[in-house]
Amino acid sequence: MRNVELIFIPTPTVGHLVPFLEFARRLIEQDDRIRITILLMKLQGQSHLDTYVKSIASSQPFVRFIDVPELEEKPTLGSTQSVEAYVYDVIERNIPLVRNIVMDILTSLALDGVKVKGLVVDFFCLPMIDVAKDISLPFYVFLTTNSGFLAMMQYLADRHSRDTSVFVRNSEEMLSIPGFVNPVPANVLPSALFVEDGYDAYVKLAILFTKANGILVNSSFDIEPYSVNHFLQEQNYPSVYAVGPIFDLKAQPHPEQDLTRRDELMKWLDDQPEASVVFLCFGSMARLRGSLVKEIAHGLELCQYRFLWSLRKEEVTKDDLPEGFLDRVDGRGMICGWSPQVEILAHKAVGGFVSHCGWNSIVESLWFGVPIVTWPMYAEQQLNAFLMVKELKLAVELKLDYRVHSDEIVNANEIETAIRYVMDTDNNVVRKRVMDISQMIQRATKNGGSSFAAIEKFIYDVIGIKP
């Protein structure tokens, strides 16, 4: 009999909702007393989210979705300097609406003898701690990124108590962040920390982390032993549970994905030799300038490897590609729009991944043993790239501090060199490390593994009874 409920509040984007759903599935799989309610807020530019939720709702029988009503007064994205400040504003405005829904849930479930044991919120939804306080519910954070990011946030809260200035872009400052082995260049910090309103939003979030009952990170001891161990030894910080990697192995199709084209891509991959194809994909939010598209195309011609390049129509015009490029690479390369990334990374033909270093993409590539070339674009991806290259030695460096709106040109020769290195199957230290980590993290999520045990501990701490 199921008698325990958790209320999940994710940031309303597909990239955040997917790991939340998968974490819900893992919890229920490990303890069938648990059921989950997910509250869905509305965010500008995420109209396809409803389609996605409908596509997966039927496959999650113990998860229910409740839509939070739309805000009457909506902030506009252009009214702030940073996306992070805009999202923080949206979440704060949703607090009264969410409070009402949670109160209704508590009342209705109490009639059925079901206890709500806590709120589990996303990083940007930390302001929802006000709801938990008002009704005396435990408050947990599911951080869909890594432990290194959490260490940076812990450092930020501490620094702000001594120095309230924003970080200076393009400075040579090196930061000593507990939880990192190496000094961290300020240049790889999240973009928001270089502008006033973004910095303010991050500081508020960093302080709210310290008030949680516990923090779950989408990483594992095997991936980040130094950082995870740092938090295990912390006495004055909430409990940290390394429960990852968490992602959707079955990967529901994106609402904008052309399924016929998907079949063509997979058939093409089936015809390629093992580990012979480099996959290039820069996430759903990056927009590459025409000059960069040209450099990537030249780099792919120079390196001579087979390639699959995810390049959406809105990113490119015919003039952006070098004249005759498509004819010269015919048979050796493919360009597609939306791509089934998990299926592609799982395919035996794929031997390398040029990535924007979003954490979802990183854990997918590690799971399938595909080494990454780092080309961060926005948000915290520069920190992820630094973590992967310098801290963990699990990626090949193309760029660590590139930002999508900068004027920096990454030239074809740099791209060629990085691709050649990542695709080299002989004496490639990074490839060997990634293959080893792949086996370790797959074991970690099974019974007896470190991530499985971390979820068990979380369940025990929440419910008070072992699964």
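Heads up, the Cβ atoms here are built off N, Cα and C, so glycines get one too.
The active site, proton acceptor annotation in Swiss-Prot covers HIS16. The anthocyanidin binding site annotation in Swiss-Prot covers HIS16, ALA379, and the record cites similarity to another entry as its basis. Under the heading active site, charge relay, Swiss-Prot lists ASP122. The UDP-alpha-D-glucose binding site feature in Swiss-Prot is assigned to THR144, GLN341, HIS356, TRP359, ASN360, SER361, GLU364, GLU380, GLN381.
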Among the recorded positions listed as HIS16, ASP122, ALA379, the Cα nearest the Cα of ASN360 (UDP-alpha-D-glucose binding site) belongs to HIS16
Fewest neighbouring Cβ atoms within 10 Å among the binding-site residues THR144, ASN360 goes to ASN360
Between the C-alpha atoms of GLN381 (UDP-alpha-D-glucose binding site) and the residue listed as 'active site, proton acceptor', the distance in angstrom, to the nearest integer, is 15
Nearest by Cα to GLU364 (UDP-alpha-D-glucose binding site), of the recorded positions HIS16, ASP122, ALA379, is HIS16
Span of the recorded UDP-alpha-D-glucose site, as the biggest CA-CA distance among THR144, GLN341, HIS356, TRP359, ASN360, SER361, GLU364, GLU380, GLN381 in Å, is 20
Sequence-ordered recorded positions within 10 Å (Cα) of HIS16 (active site, proton acceptor), taken from ASP122, THR144, HIS356, ALA379, are ASP122, THR144
Whole-number Å distance separating the Cα atoms of ALA379 (anthocyanidin binding site) and the residue listed as 'active site, charge relay' is 15
Counting other CB atoms within 10 Å of each candidate's CB, the least crowded of the recorded positions HIS16, HIS356 is HIS16
The rounded CA-CA distance in Å from the residue listed as 'active site, charge relay' to THR144 (UDP-alpha-D-glucose binding site) is 7
